[in-house]
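A.B. asks: What follows is a single structure, and I will ask about it in a moment.
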Amino acid sequence: MFKSLSPATRLGLLLVGVLLACLLFMTLNVRAGWAFTLPFRGEKLLGLLLVAYCIAVSTVLFQTITHNRILSPGIMGFDFLYLLLQSLMVYSLGSIFFSQINPSLKWLGEVFIMVGAMCLLYYWLFIRQQRHLHILVLVGIILGTLFRSLNAMIARLMDPVEFDLLQDVMFASFNQIDSTLLGVSAFLALLVTLFGWRYRHALDVLALGNDQAVNLGLNPRRLMMLILIAIAVLVSVSTALVGPVTFFGLLVANLAYQLAGTHRHVYVVPMAVGLAAMILIAGQAVLEHVLSFATGLSVIIEFIGGLFFLILVIRQGRR
Amino acid sequence: MIEVAGLNKAYQTQKVVDQVSFQLKGAGVTAIIGPNGAGKSTLLGLISRLQRPDEGWVRVDELDVHHCAGDRLAQTLAILRQENQISTRLTVEDLVSFGRYPYSKGRINEQDQFKIEQALAFLDLLGLRHRYLDELSGGQRQRAYIAMVLCQDTRYLLLDEPLNNLDMKHAVGIMKLLRRAADEMGKQVILVLHDINFAASYADCILAMKEGQLVYMGSPEAVITPEIMQDLYDLDMTIQQIQGKPVAFYYR
């Protein structure tokens, strides 16, 4: 029965699911008055929506430009690169500079640097060199570990005042969304969306592979570079808000390919975003209000996502 | 008209395409033949801008292939390579519809739909249109790809070994179809062929390559001769005229 549904109907059903999850999140187990609960939870809800959006979109875009289904920005260590850049900046520029500058402005600067660093590294890795997928998986996991370790080393070199400044970023999680950056983050995500909308059909063509994209009149190199920039922005946003999330993007992107019922990005991307939002929000609602924070949402999501990643790698190897 | 002048391409020190120049005028079917590693596919890649030459240039209808806007060329010249791996799951109709992208940019209108139907019917794919590519046999998939580039409706059609994976019936069917595309629609079809008998039966012009160089060029009667085949493939061949076309026997 599900097979016969059109992509638009499927998206509609998903939207209902997302709205139900939001409703659950906002109304479950309200103890304090509504005047307190609504803005308090509303802010969290916006944060979760934004994070779901960034992770889902960045993963689908990344998989389209790299022509694979088992790598995602999270697995390739993008998030840890962001954390490393943060530490490096605090360490080199000093705490006084860091605490006095306008946080939104500072953050825009960070995103800018992140975009530059990420594009250089991953452009070289993915687009200049055509490598085998399994080597890329290894490289990504090694790079992720390298960035994380460097980050830890720099944290040890810092003096406590400087380290204190990093706390916000380092310990952000689904429970503690860094809400000071919500406004400017949403703005950046919107910019990326407006830009991406223009390329919605070109993305479908890009998924056919480089040769076909050239044949059909695209300039794949240029397009991939632009999309890589968009991915860098989205990853920066999600990492700044909730910290590194490794496998979640992979999970929702692959579910979206299965459930969207079409290859077209116009449907696949919203599908992935909706799934990500539904899972995050419903999961957080249940954890906070039913299990009363017995465990972190990221632990569960990463566990399921990690298992899923292993299944994909094993299946790919068999072919 | 396709003009190729002084094309060179080397991987490290290995020259793959070496000083190739030629001109092809008007409609017709042109076959590129030669032994493995002669540079046939690379030459096709260079002409179609999928690869960049180290030296030399290619012009198609006065457009410089390597410096002209991609979407303009996509309406003039279509290329199909040997290996096509797609990471997304597509139906035959989805794939063929992509052929209209240079015109529609993703928004298929009535005329596009008409061309799509035409291409599907041309390649006998109407019954398979809703099947997914990964459910098809190699030959059916090959036909779907050919339908896609045909749907692109370009004057020039470049095909790298289009007969791969096809049984005799479908191979003959494709060659007849390409012949018709040249004769009835005025297309210039350039294709890499391994089977010299197909080249001799259907091509107007044969380009023979060896070690990166264009060594012979001419009509099938002029190129498919025992001496040239001996030079090209290092094989003794018996060549006879059957129904007015040279046919080579080289199996024993």
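Along the chain as shown, residues are numbered 1 onward.
Cβ atoms are placed via backbone N, Cα and C, with glycine included.
What TrEMBL records for this protein is below:
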- A:45-66: transmembrane segment (TRANSMEM)
- A:78-101: transmembrane segment (TRANSMEM)
- A:107-126: transmembrane segment (TRANSMEM)
- A:133-157: transmembrane segment (TRANSMEM)
- A:218-235: transmembrane segment (TRANSMEM)
- A:267-287: transmembrane segment (TRANSMEM)
- A:293-314: transmembrane segment (TRANSMEM)
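Locate each feature and note its surroundings.
C.D. replies: Residues 22, 25-26, 72-74, 76, 126, 136, 174, 177, 179, 182, 185-186, 189, 192-193, 196, 203, 206-207, 223-224, 227-228, 230-231, 234-235, 237-238, 241-242, 245, 248-250, 252-253, 256, 265, 268-269, 272-273, 275-277, 279-281, 284 of the same chain sit 6 or more residues outside the transmembrane segment (A:45-66) yet have a Cβ under 8 Å from a Cβ within it.
The list of residues near the transmembrane segment (A:267-287) in space but at least 6 beyond its ends in sequence, with Cβ under 8 angstroms from a Cβ of it, reads 7-8, 10-11, 14-15, 17-18, 20-22, 24-25, 28, 44-45, 48-49, 51-53, 55-57, 59-60, 174-175, 196, 200, 248-249, 251-253, 255-257, 259-261, 293-297, 300-301.
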A.B. asks: Grab the same-chain neighbours of the transmembrane segment (A:107-126) for me: Cβ-Cβ under 8 Å, and only residues 6 or more beyond its ends, written as numbers and ranges.
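C.D. replies: For the transmembrane segment (A:107-126), the nonlocal Cβ contacts are 65-66, 76, 78, 81-82, 85-86, 89, 136, 139, 181, 184, 188, 224-225, 228-229, 231-233, 235-237, 240.
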A.B. asks: Hey, which bits of the same chain come close to the transmembrane segment (A:218-235), Cβ under 8 Å, at least six residues off its ends?
C.D. replies: 53-55, 57-58, 61-62, 64-65, 73, 78-79, 82, 111, 114-115, 118-119, 122-123, 126-127, 188-189, 191-192, 195-196, 199, 202-203, 205-206, 210
